[in-house]
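Let me begin by presenting the structure, written as structure tokens, before commenting on it.
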Amino acid sequence: MGSEAVDDSTPLLRRSTLGNASAKRTFGNIIVSIVGTGVLGLPYTFRVSGWASGTLAVVVSAILSYYCMILLVNSRNKLEEKGHADILTYGELGNEAYGSLGHTLVDIMVLVSQCGFYWGVCGRSQGLHPSAYWQTFAMYWQWEWCSRMMSAASVGSMVWWHFEIGQAFILITILYVTFGLVSYFAFGDNTKDIITLNLPNDWSTIVVKVGLCIALTFTFPVMMYPVHELVENKLIASTYFQKEFAPRPMISKLLLDGVRGMTVLIVAAIAVMVPTFSMFISVVGSTVCAMMTFVFPAFFHLRVFKGSLPTWQWAVDVILIGAGLAFAVYGTYTTCLDGLS
């Protein structure tokens, strides 16, 4: 591995051939992949929905997200049994299940969701929208989380893997509920859409905000990686690029670096210029993340296991699809209604 050549076209996600990931390492990867800056909006969700229904929403979201992740990994393993190897990302799974349409839909959803998380946190909106309740279902969705779970072959025993991921979900749910409740009870009806806006302007608050800025600075490249990957893959695959730039490595590298820089500038410009971020992140939670977390996994599972599922599991998949679509439509409707009012 150390002597292998690496260039700009080398994928970051590779299959582990060793199968020796430790329990602590796997557990840590799960925690890091799920817990993000989106948790800053959780206390506001508790304010809008109430502490009891907010807690229930977090717990239900965790259970459903866990189940749907199991569906994704089971679908991937089933496809590998059929000879479809090297499925490492959500998009590749969508491609195997529904062809280019599935891949394209997943790519679009990933693009919007990844940018949406940072638009929501980096925006300066302080407007409050009741639709923020729908942010809850965005809490457990992260692209790198799904990609790491697509690489579950490095973990070995699937029973052990289920146990580890279950422990991680339980811990994260406890942390989310505790953070949401404590923050909401501390500020009550004055809780703002990003909890750091409630902190007093003293040295301790400055330390917290500086820490948040540092965290955003170092996690932003990771969060933007799927966006860069999607854009660059489309560009590299184009006939014009292959004809004009591929034969000249230096020029092609400068072009790709320029595209990355422009992507970052566009995301930053949108974050600064668009005022209604709490509404936007609600749309992300109620549509994109609902589709990615609940609808797509059930669709893929039905497709991959077509004709071989027991009746109860088929029914659960259908219910997930129906509930996810209804949730996305209703969430989008209420968010737009709140925005117009």
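Backbone N, Cα and C atoms are what each Cβ position is placed from, and that goes for glycine too.
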TrEMBL annotation (transmembrane segment) - matching range among 27-46, 107-126, 147-166: 27-46
Same-chain residues near the transmembrane segment (168-186), Cβ under 8 Å, at least 6 residues beyond its ends: 27, 30-31, 34-35, 39, 42-43, 45-47, 51, 54-55, 58-59, 62, 65-66, 139-140, 195, 198
